[in-house]
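First the structure, in the form of structure tokens, and then the observations on it.
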Amino acid sequence: MTATVIDGKAVSLKIKEQVQMRVETLKQQGVVPGLAVVLVGDNSASLTYVKNKQKTCEALGMRSDLLQFPESMAEADLLSTIDKLNNDPGIHGILVQLPLPSHIDEFSVIMAIDPQKDVDGFHPVSVGNMVIGHETLLPCTPHGIIKLLEHYDINPEGQHVVVIGRSNIVGKPVGQMLLQKNATVTFCHSKTQDLAKHTKQADIVIVAIGVAKFLNSKHLKPGAVVIDVGMNRDEKGKLCGDVDYEDVLETASFVTPVPGGVGPMTIAMLMENTVQSAENGLTKDKTGTTM
Ligand SMILES: Nc1nc(=O)c2c([nH]1)NC[C@@H]1CN(c3ccc(C(=O)N[C@@H](CCC(=O)O)C(=O)O)cc3)C=[N+]21
């Protein structure tokens with residue numbers, strides 16, 4: 001039985017349609033959701049992703065500001081730029097493209113973003129709220145993965161989920177969010193002994209380690225769901241994931257392709273977070289309280 005390919009592109013389109021409707025409703029109330037993307041340096045991959053975010057934003061009728069600065073930008077200048085964006089009523093979401101040049105401390109930059117505008121969901125207040133299950137802006141890639149599972153009626157409740165990779169951007173948050181959904185979660189990483197012992201027991205395996213085609217059918221029990229968060233280039237320079245896609249097709253029940261799986265969901269959830277933040281702002285203005 002060949003695995004069902006999870007179509008992240010199709011699901012992301014559905015989410016963007018819903019976002020577009022919410023933008024229209026906000027515009028009728030005089031609010032145009034605004035996203036500010038800050039790019040320091042001229043890393044070509046980052047520039048592609050940032051332009052993609054901008055294009056999507058505008059296609060959905062939102063305001064999209066791109067602030068681009070030279071690699072040599074001083075940390076203090078970046079922090080004051082963020083401060084201005086925090087206080088700009090026309091900006092509802094702030095995303096500072098990572099990685100930053102090594103002379104800038106990423107944690108200080110993330111801490112400087114108003115949690116109300118933290119559309120990456122990286123701020124400790126956002127992360128803390130997510131871990132305790134309190135309403136908050138959720139990290140885009142993990143939230144996109146949850147939406148893919150929902151779309152294909154893959155219910156994580158009571159399922160054994162094995163997450164490989166423990167980054168603050170994907171591995172750690174996606175495991176916490178699935179725990180919130182009553183999954184049994186195992187976090188694996190570079191120091192895990194006998195990885196296959198864990199992954200072969202998994203109903204759902206999520207791979208986010210940045211190693212091309214790392215996971216294969218020997219790691220899986222038949223029928224496992226495979227979510228590939230990798231973004232690598234293979235020997236021919238072609239985009240590929242952390243999963244040996246061809247090899248797992250006959251063993252997995254579902255698999256996400258790269259490209260066309262988790263990636264488009266990351267963008268769609270960023271758009272949703274921006275609209276959510278604008279709606280929260282409206283609620284706050286009406287009731288005087290923060291959501
Ligand atoms: N503060 C911050 N937030 C981020 O969310 C963030 C970041 N920094 N730095 C870089 C990574 C990377 N990232 C991607 C998002 C979508 C695709 C995406 O749409 N990928 C397409 C393929 C795109 C292509 O063809 O290259 C796909 O997988 O189908 C890729 C990469 C967000 N990032």
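Heads up, the Cβ atoms here are built off N, Cα and C, so glycines get one too.
In sequence order, A208 are the residues near S167 (NADP(+) binding site), counting only same-chain partners six or more apart with C-beta under 8 A. In the three-state DSSP scheme, S167 (NADP(+) binding site) is classed as coil. Taken from TrEMBL, the feature NADP(+) binding site applies to G165, R166, S167.
Feature annotation from TrEMBL assigns domain 'Tetrahydrofolate dehydrogenase/cyclohydrolase catalytic' to 6-120. The average pLDDT computed for the domain 'Tetrahydrofolate dehydrogenase/cyclohydrolase catalytic' (6-120) is 97.
The domain 'Tetrahydrofolate dehydrogenase/cyclohydrolase NAD(P)-binding' feature in TrEMBL is assigned to 139-280.
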Key: Cβ-based neighbourhood (8 Å from the centroid) of the NADP(+) site, residues G165, R166, S167 excluded   = V163, I164, N168, I169, V170, G171, K172, F187, H189, A208, I209
Task = Provide the number of Cβ atoms within 10 Å of the Cβ of R166 (NADP(+) binding site), excluding the reference atom itself.
result = 17
Task = Check each residue in the chain of G165 (NADP(+) binding site) that is at least six apart in sequence and keep those whose C-beta is under 8 Å from its C-beta; list them in sequence order.
result = G171, C188, H189, I206, V207, A208, I209, G210, V229, D242
Task = Please spell out the DSSP helix, strand and coil residue counts for the domain 'Tetrahydrofolate dehydrogenase/cyclohydrolase NAD(P)-binding' (139-280).
result = 53 helix, 26 strand, 63 coil
Task = Sort the residues of the domain 'Tetrahydrofolate dehydrogenase/cyclohydrolase catalytic' (6-120) into helix, strand and coil with DSSP and give the three counts.
result = 59 helix, 18 strand, 38 coil
